[in-house]
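Going by TrEMBL, these are the annotated features:
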TRANSMEM  31-53  transmembrane segment
TRANSMEM  65-84  transmembrane segment
TRANSMEM  104-123  transmembrane segment
TRANSMEM  130-153  transmembrane segment
TRANSMEM  165-185  transmembrane segment
TRANSMEM  256-280  transmembrane segment
TRANSMEM  300-322  transmembrane segment
TRANSMEM  343-362  transmembrane segment
TRANSMEM  368-388  transmembrane segment
TRANSMEM  400-419  transmembrane segment
Amino acid sequence: MDFSGISPLLNLLPQRIISWSLKMYMVESKGGAIVCMLLALLFLGTWPAVLTLLERRGRLPQHTYLDYSITNLLAAVIIALTFGEIGKGTPSAPNFFTQLSQDNWPSVLFAMAGGMVLSIGNLSTQYSLALVGLSVTEVITSSIIVVIGTTMNYFLDDRINRADILFPGVGCFLIAVCLGSFVHASNAADNKEKLKSLSTEATGFSTDKEALKNNVVRDSDVENGSGSAEKARAGTAGFLIELENRRSIKVFGKSTITGLAITFFAGICFSLFSPAFNLATNDQWHTLKEGVPHLSVYTAFFYFSVSCFVVGIVLNIIFLYHPILNLPKSSLKAYLSDWNGRGWAFLAGFLCGFGNGLQFMGGEAAGYAAADSVQALPLVSTFWAILIFGEYRRSSRKTYILLVSMLFMFVVAVGVLMASSGHRK
C-alpha cells in the first residue's frame, strides 16, 4: 500500500497512528492485552449460553454446530483480512497473504493441531452443557485448561509471567474444579428430591423414566420459547419435566458420571489448543528453517480455524446419520431446511471466533499463560445460566454455598492471572 500521495496528511497525525498505519497491527502493550482478554472473556462466556438456549428449545446439536462452524471460520477470515493486512508488513513480520506462500509448514501444523483439539473439545461441550449444566461445565473445563494449559504456556513463554503470582492463581482454578464437581452433585441431588416429591395427579406429568425417555418434543414453536415449559416456575419439579419434554438432549436417567466424563474430556482437549497455538506463533522448538519468519497471530489463527472447521463439519455430518446419546437421526437435507434458530447458531460462531482471536492477540503481547485468564469465562456463563435458564433456582442451601464458593475462587483466580502478565520481548 503506497502512502506517498498522502504524506502531507500523515505529517499532521500523531506519530503513534503513523507507525500503526505503516506496519501490520500488533497488540504490544500490557494495557492493550488486558483489553483483549476482557473482551474475549465476554465473548467466550456467552457463546455456550447461546448453544444451551438452542438445545433447550429443541434444536438438534448437530444442526447447531454445523451453523456455528461456518461463522467461527468466517471470524478468523475477517481478522486475517483486516488486522493481518493493515500496513505494508516487514520481512520479519510479513502480512497475511505473504505468509500463505512461505515455507512455514511446521508452524502451520502446530496451529492446525490446536484447531483440531479445540473443535473436538467444543463438540464435546455441546453435550456436557445438557448433561451437567452451563455453569458447572464451564467451571470444570476452564479450570482444567488453566491447570494444564497455563503451566505448559508458562514454560513455552520462557517464564515471562511471574511464577510467584501465576501458580497461586492456577491453584485457585484447581480448587474450583473440585467445587464445580460438588456443585453439580449437590444440584443433581436437589433435582432428584424435587422429582420425588412431585405428585403426578396434581401436575398431569409422569415422572416415569421410560415415559420421559420416549416423549417427543411437541410441535409448538420451541425455537421461540412458546412451548409449555414457560408455564412452570423455574426450579420446580414441573419445570424440570417440561424442560425434559422440550429439549433435544434428554437428560433424565443419564448417569452423572457420563456427563462429568464428557466434561473432563472436553477440558483436556481445551488445555492443549493454546500451547499448540503458542508453538505455532513463537517456534520455541525451532522447527522453522533459518530466515523464515514466525507465523503472525492472524495467519496462525486462520490455519487454526480452518482445521477447527474441517473437523467440526466432518464429525457432525457423521453424527447426523449416527447420533450419540439416543438423539434422533437427521440428514443433510433436514439440516439445510432447518432455519429455526440458525441466526442464534451463527451468532455463537462469531462470538467464539472473535473471542479466540482476541485471546491469542492478548497472549502474543502479554504471554499466553496470562491470556488464559479468559478462562474465568464461567463468571459470564453462570450469569447467563441463572438469568436466562433458571439454573439453581430453589436449590438447597448447600448448593448455594458451594456455588458462591466456586465463583469466589474464579474471581480470585482471574485477578491473580492478570496480575502475572509479563511483556514479550
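Positions of Cβ are set from backbone N, Cα and C atoms, glycine also.
Counting Cβ pairs closer than 8 Å and at least 6 residues apart in sequence, the transmembrane segment (343-362) and the transmembrane segment (165-185) reach fewer than three and form no contact.
Ranking 104-123, 165-185, 300-322 by CB pairs under 8 A with the transmembrane segment (256-280) puts 104-123 at the top.
For the transmembrane segment (130-153), the list of distant contacts is 45, 48-49, 52, 55, 61, 121, 166, 169-170, 173-174, 176-177, 179-181, 183-184, 187, 247-249, 251, 254, 258-260, 262-264, 266-268, 270-275, 278, 363, 367-369, 372, 375-378, 381-382, 384-386, 389, 391-392, 403, 406, 410, 413, 417: same-chain residues at least six beyond its ends, Cβ to Cβ under 8 Å. The transmembrane segment (300-322) makes no contact with the transmembrane segment (31-53), as judged by fewer than three Cβ pairs under 8 Å among residues 6 or more apart in sequence. Using a Cβ-Cβ cut-off under 8 Å and counting only residues 6 or more beyond its ends in the same chain, the transmembrane segment (31-53) has close neighbours at 61, 64, 68, 125-126, 129-130, 134, 137-138, 344-345, 347-349, 351-352, 354-356, 358-359, 361-363, 365-366, 370-371, 373-374, 376-381, 383-385, 388-389, 414, 418, 421.
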